[in-house]
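What TrEMBL says about this one:
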type    : residues                           : note
DOMAIN  : A:24-276                           : domain 'CoA carboxyltransferase N-terminal'
BINDING : A:Cys28, A:Cys31, A:Cys46, A:Cys49 : Zn(2+) binding site
Amino acid sequence: MPAKFNGLDKSTLAKWMDKIPSDLYVTCPYCKQSVYHQKLGPFQECPHCGYGFRLGAAARLKIVTDKFEAFDAELAVDPALVDDQYAEKLTKAKQHSGLPESVVTGMATIDSLQVAIGVMDSNFMMGSLGSATGEKLTRLFEEATRRRLPVVLYTASGGARMQEGLHSLMQMAKVTQAVTAHGEAGLCYLVVLTDPTTGGVTASFAMEADITLAEPHALIGFTGRRVIESTLHIKPPADFQRAETLLANGFVDDIVARSAQKATIVSLLKLSQGGA
Amino acid sequence: MSENAAYDIVQAARSQSKIDSYTLINGVFSDFHELHGDRLHGDDSALIGGVGRLNGRPVTILATNKGRDMAEGQATHFGCVSPDGYRKAIRLMKQSTKFNRPIVALINTPGAYPGVEAEYGGQGEAIARSIQTGLGQPVPYLSLIFGEAGSGGALALATGDEVWILEKSTYSVVSPEGYASILWRDGKLADQAAAKMKLTPSELLAAGFVDRVLPEVTTPETLSALTTQLDLKITALAKLPVAELMAARRQRYRQF
């Protein structure tokens with residue numbers, strides 16, 4: 001202990017310590033290095049390894065878009081599908097995320113480009129795919145098809161929402177056919193896979209884009225590590241579901257740091273839809 | 001549904017005495033030729049693909065396969081399909097359109113194979129494309145669940161114009177064990193989970209997830225009855241103008 005603290009009684013020291021916010025330093029979940037919070041910068045990137053810390057939808061939209069107008073902002077799950085236990089989860093998720101569902105959708109301007117955009121938020125029940133999530137995404141693709149706009153989608157999800165059973169599973173088919181119709185109209189769908197993108201979201205619209213980008217070190221996969229471990233009694237390699245592994249295996253077009261995403265998205269969309 | 005009734009159906013769906021995929025295929029279709037491989041990487045025996053005749057009409061047949069004994073079970077991962085299997089299905093679905101062959105998918109799978117190699121091979125991408133390809137083929141497409149149908153691994157083959165189910169079968173987003181372990185942190189509560197999950201044929205029918213519940217298939221007579229029902233439906237679907245067929249399919253999945 002430094003000399004200047006000598007002679008302090010423990011309770012005074014504890015009072016001083018209490019005044020120091022606990023989140024001044026954060027540990028990068030990927031490289032495990034400790035980072036002074038201001039060093040993460042406006043893009044919330046680890047200065048050591050480039051990992052993008054998890055972002056809420058509002059923060060994400062602020063970074064990526066110049067103007068945003070929400071669709072279906074109040075759309076939420078049909079109460080007929082909600083029992084007491086699920087209702088409690090939903091209430092907590094709303095408080096935690098400030099959102100009524102796990103995805104925010106709407107129209108945005110990125111630089112001067114008009115796009116339809118969706119951003120999933122892992123703060124809402126780990127971004128799970130509920131029927132309202134699927135409905136909002138479906139309407140997003142339908143509206144983009146009507147307005148002849150590209151779709152930009154940021155995925156973040158633990159997968160299907162177990163509480164909704166098959167209603168959740170059916171969203172995979174429902175969103176998929178809206179993606180297909182959008183594509184058949186000659187319109188571009190660009191996805192950015194963020195940490196984490198897993199389960200039923202990976203097994204549907206996350207893997208159906210024309211252009212598939214990922215954030216550095218993002219966890220992307222179908223079956224969760226723990227399920228593989230408990231089913232097969234093996235320990236998968238540390239990085240078997242990281243963005244870099246998917247890139248090497250041919251499932252991702254490119255890995256793009258958050259700070260470079262806006263320019264990359266605009267450029268790729270202009271190259272794809274002959275844009276303005 | 002009471003705990004026992006639902007969990008009894010779960011156990012019956014998984015039972016060793018369930019009809020196996022090859023017996024079902026050869027009982028329903030004539031002139032069956034198995035067609036192997038995905039033309040990209042390999043051949044997954046957990047997904048049987050081929051062509052045959054349904055009451056004389058050429059059809060494409062896709063079936064998950066749990067295997068008939070321990071050796072086959074190990075080779076097929078007890079019916080858990082890997083990316084190569086889904087990509088074989090995708091290849092044959094596309095071929096159906098070229099030759100205007102209806103598709104019949106037979107499903108009995110706990111779910112997609114949860115392996116490291118499957119992840120490296122793009123399990124998520126393979127399932128996504130199988131869902132997308134199935135929804136998009138302008139030929140009649142019937143999916144029949146004849147045992148367990150678990151999660152995205154089942155949905156990959158269950159995006160037909162109609163989805164049918166045998167009466168001792170289940171369809172769910174996750175196994176009852178998985179549901180209990182995820183939501184209640186106790187996998188042993190599978191029977192309670194089964195009762196809550198609405199995974200039995202009558203509950204699935206009431207919710208519109210399946211369109212028809214059929215009796216179990218165990219004898220030549222019941223196989224023949226199934227053949228008749230499949231043929232009637234495929235014949236009716238084949239008479240529809242393609243635009244109408246596709247619009248009805250879109251509506252079926254848009255409603256959820």
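The backbone N, Cα and C atoms fix where each Cβ goes, and this holds for glycine too.
A TrEMBL annotation is a machine prediction, not a hand-curated record.
Here the features listed in TrEMBL are painted onto the structure.
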residue	record	CB count, 10 Å
A:Cys28	Zn(2+) binding site	19
A:Cys31	Zn(2+) binding site	13
A:Cys46	Zn(2+) binding site	22
A:Cys49	Zn(2+) binding site	14
Looking at the domain 'CoA carboxyltransferase N-terminal' (A:24-276) alone, can you tell me the average pLDDT?
95
